[in-house]
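Here's the structure, in structure tokens; my notes come after.
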Amino acid sequence: MFSILNKLGIIWLALANISNCDNSKSGHKSIPKYNVKYYHANIPKDFANRFVELNDKIVENGSFEILGIDGQPSKNQYLCFTPNPNTAVNVSIESAQRNTRSKEIENEPKSEAEIIQRGVEMIEKSFSRKDCVFAYGSNGGYWTLGYCYGDKVVQFHENLQHFVATGKHKPEYPDYIYVLGRFKGSSKKPTNLDNQSPWASNNLDLSEFTIHESSIISDATAKNEQSRFLQHTLYDGEICDLTRKPRSIDIIYKCDPNHRGRIEILDQQEIKTCVYQMVIGVPKLCSLDEFRPNKVEDQIIDIDCKLIDQTNKVKADKLSYQDFFYYTDDIPSDNKIFPIPHSYKVSLNNYNLSPCGHGFYLGQSKLPINSPSVYFNFRHILVFNDQYHSSSDLLEKLGKMLKVCVGNKILSPHIENKRQSLLSWNDTFILWFELYDFYGSFISLVKVSRDGSKEELELKLRLINPETMLDQDGDLVKVPEFDAPNNAWNFQKFSKGKGSALDSTNNDKNNKATAENDKQYQSTSTDIVTVTVTESLETTSSEDGTEEVSNEMVILKKLADKLGMTDINELHQAIEDLDIELEVQHDEL
């Protein structure tokens, strides 16, 4: 079998790229899909070679192959066993839900108009004409989106400091709230962030809705899902500077199986100039069989790949192919400097991945982990699906991602009303993540520190080698002792509000014994990369003492919006490089 592994291109998470067709509809047998599992098993090199020599004798069972998973033969090599798909055990996706739903639909046939009516009724019951639903951090944190039922859809630049302090949304520039589309009969009052709907009821016009179906791959588990959604197009938005036509937006209402009991804006994109699409998860739609994802049964074949220990010189005696399966993970171990070694590799299809922006995903294990390391059993990981050219480049990308996720995506260890609260800029914390690429290969440890007592929205970031505990500058970092409040094992320290958890160890009498050891790190640790995530504009003081945005920065803001640039400073630098002088006239405003 040269080999299914090579045919897959060694892109293990790309199960989504392996056929996502619903073959059951055409009457054909489902195409096998491959679920690659990694084990840090340390098989001796000679044993690995002997397993490969067994291939001619085990054709009915499958085949072994030695592969440099990352495309670098000299780097980490794995011994992989690919079962013969004709004799492999059929590990199928449970399809009882699909069969039950299919029978219900067969017994109760419904027209498209009936399905639309039922779906729209759920939408009408879900929304309030008094409130708006917001999503902070769209387009890399540049826009905040607002969906106001019965009124409008808007995007605006968030006043981040106000949001952090109050939890309420406020535009940085009140005159620049862009309306992407309006409901029919909506208010023509000057636009603000309130729901200004004049409607007397929640009733929608059924003729404005269309129903669609889409095939998607759920997570990385090779589940084909046929999903229905309702589309509603809103017109009459702000005039677009480029097309000179009103903006419009397609609203996609769907059942999100991973919903958290509340309506959420799941996605928004500009599909062409000044024409947008917004996807909204409506939990009540999940109560209708017609809108729940239709899971299709597939044949899943596991491919086991186990790390080869190139330094182990033990010679193999007599082997059978079954011996391969007795080699399991021999790490993590608390006996190491850090529980995770630099050579570690994860099977990303074992993780639920939640997008964080800028190519980063937050990963949580789907199944319980039972290892000697309690840290390893409960921690979350970061996954990066992009390229970087240097450690400073990677740190910059991390900073941009965290700017969006702190206060919006990452949960803190604090429990409030039986629910975990979001990590806030007012919190003080030391947070650790293992960072992996989209092959599942380890990149670096990431240490994130925040002092919530500071007004500046700053984070201190370090990239650390877990085997040497040296950071990107070669400075030694102390091996952490995790407080892990409420079993949140990514948190070394945490203090809710504007405390100073970073210095809390000074008051811990149990740490007196380690005081001498701490000194060695003080002498070797120097500069730490600091990422400032505020993007303040130049201001001038008016006669009454209030601050106003300078005319120059307003012009830059307008230019950046028209050019589609997300960083005003980048535009400013480009102008300086071209030796162009900005002349601001009052009548230009």
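Backbone N, Cα and C atoms are what each Cβ position is placed from, and that goes for glycine too.
Here's what Swiss-Prot has on this protein:
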- 1-21: signal peptide (SIGNAL)
- Asn17: N-linked glycosylation site (CARBOHYD)
- Asn61: N-linked glycosylation site (CARBOHYD)
- Asn90: N-linked glycosylation site (CARBOHYD)
- Cys132-Cys148: disulfide bond (DISULFID)
- Cys240-Cys274: disulfide bond (DISULFID)
- Cys255-Cys286: disulfide bond (DISULFID)
- Asn426: N-linked glycosylation site (CARBOHYD)
- 497-520: region 'Disordered' (REGION)
- 509-519: compositional bias 'Basic and acidic residues' (COMPBIAS)
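Features per Swiss-Prot, on structure.
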residue: Cys132; record: disulfide bond; Cβ contacts under 8 Å, 6 or more apart: Gly146, Tyr147, Cys148, Tyr149, Asp151, Leu193, Asp194, Asn195
residue: Cys240; record: disulfide bond; Cβ contacts under 8 Å, 6 or more apart: Pro246, Arg247, Thr273, Cys274
residue: Cys255; record: disulfide bond; Cβ contacts under 8 Å, 6 or more apart: Ser227, Gly281, Val282, Pro283, Leu285, Cys286, Leu288, Phe291, Arg292, Pro293
- line: Cα of Asn61 (N-linked glycosylation site) to Cα of Asn426 (N-linked glycosylation site), in Å and rounded, measures 58
- prompt: Which of the three DSSP states, helix, strand or coil, fits Cys132 (disulfide bond)?
  reply: strand
- request: Count the Cβ atoms, other than its own, that fall within 10 Å of the Cβ of Cys286 (disulfide bond), considering every protein chain shown.
  value: 17
Statement: A correct count of other C-beta atoms within 10 Å of the C-beta of Asn61 (N-linked glycosylation site) gives 16
Query: Judged by the number of other CB atoms within 10 angstroms, which among Cys148, Cys274 is the least packed of the disulfide-bonded residues?
result: Cys274
- prompt: Does DSSP give Cys255 (disulfide bond) helix, strand or coil?
  reply: coil
Field: DSSP three-state assignment (helix, strand or coil) for Cys148 (disulfide bond)
entry: strand
